[in-house]
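Encoded as structure tokens, the structure appears first; notes follow it.
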Amino acid sequence: MSTIAIVDYGMGNFHSVARALQHAAPDADIRICNRPEQIDAADRVVFPGQGAMPDCMRTLNESGLRAAVERAAASKPLMGVCVGEQMLFERSEEGDTPCLGIFPGEVRRFAGPQFADPVAADQAAAAPPAAARERLKVPHMGWNQVRQTRSHALWEGIPDGTHFYFVHSYYAAPSDPALTTGVTDYGVAFTCAVAAANIFAVQFHPEKSAEHGLRLYRNFVDWQP
């Protein structure tokens with residue numbers, strides 16, 4: 001039986017993630033973990049997060065779990081969710097916060113105002129004026145389409161263009177385009193899923209994304225990177 005540690009550093013919807021994983025993978029041993037040795041002993045790790053980045057990084061550091069997360073990222077399947085995905089990068093514009101630096105790149109805020117139907121730079125002259133386009137609110141909240149930019153085992157059984165549930169004001173901007181495995185449009189086309197080696201991370205919430213979110217968690221449990 002695979003043991004999956006959900007990292008509990010005090011800033012995340014850990015119980016919702018645990019319930020979704022239990023539903024998606026009833027054969028797995030799901031544990032909410034707040035001690036380094038529990039994370040070290042697990043076969044797989046889910047790293048969720050929600051809230052302000054300065055608070056998330058502070059509580060992760062104060063909890064004593066940072067090194068365990070870094071060890072997991074270097075050695076076993078790890079899935080980041082929402083702020084857990086963002087924390088994998090080098091820094092965040094939110095409070096100019098240093099992050100884990102596992103992936104190259106930064107976390108940026110949606111620049112306001114946002115408008116629907118993002119426009120490519122070479123088409124800007126022909127684009128309708130902003131007043132004629134739908135104004136988008138920040139935070140980005142609700143269902144949105146994910147375009148799979150490259151194949152990955154965690155996309156197995158999930159159609160390209162599937163909608164997932166988002167709640168966020170910031171998004172990851174990888175320095176290495178090869179990290180991106182999913183993109184979503186919200187005024188700007190932004191990276192919403194990244195993958196490299198034994199790590200897969202998403203900006204959206206699989207636990208709030210109905211059957212396809214559960215399938216993503218199931219795929220993570222079955223994944224052999």
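Counting begins at 1 with the first residue displayed.
Here the Cβ of each residue, glycine as well, is placed from N, Cα and C on the backbone.
Feature annotations, reproduced from Swiss-Prot:
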- CYS82: active site, nucleophile (ACT_SITE)
- HIS205: active site (ACT_SITE)
- GLU207: active site (ACT_SITE)
- 3-225: domain 'Glutamine amidotransferase type-1' (DOMAIN)
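Locations of recorded Swiss-Prot features on the structure.
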{"residue": "CYS82", "record": "active site, nucleophile", "Cβ within 10 Å": "27"}
{"residue": "HIS205", "record": "active site", "Cβ within 10 Å": "21"}
{"residue": "GLU207", "record": "active site", "Cβ within 10 Å": "25"}
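Rounded to a whole value, the Cα-Cα separation of GLU207 (active site) and the residue listed as 'active site, nucleophile' is 11 Å. Spacing of HIS205 (active site) relative to CYS82 (active site, nucleophile) is 6 Å (Cα to Cα, whole number).
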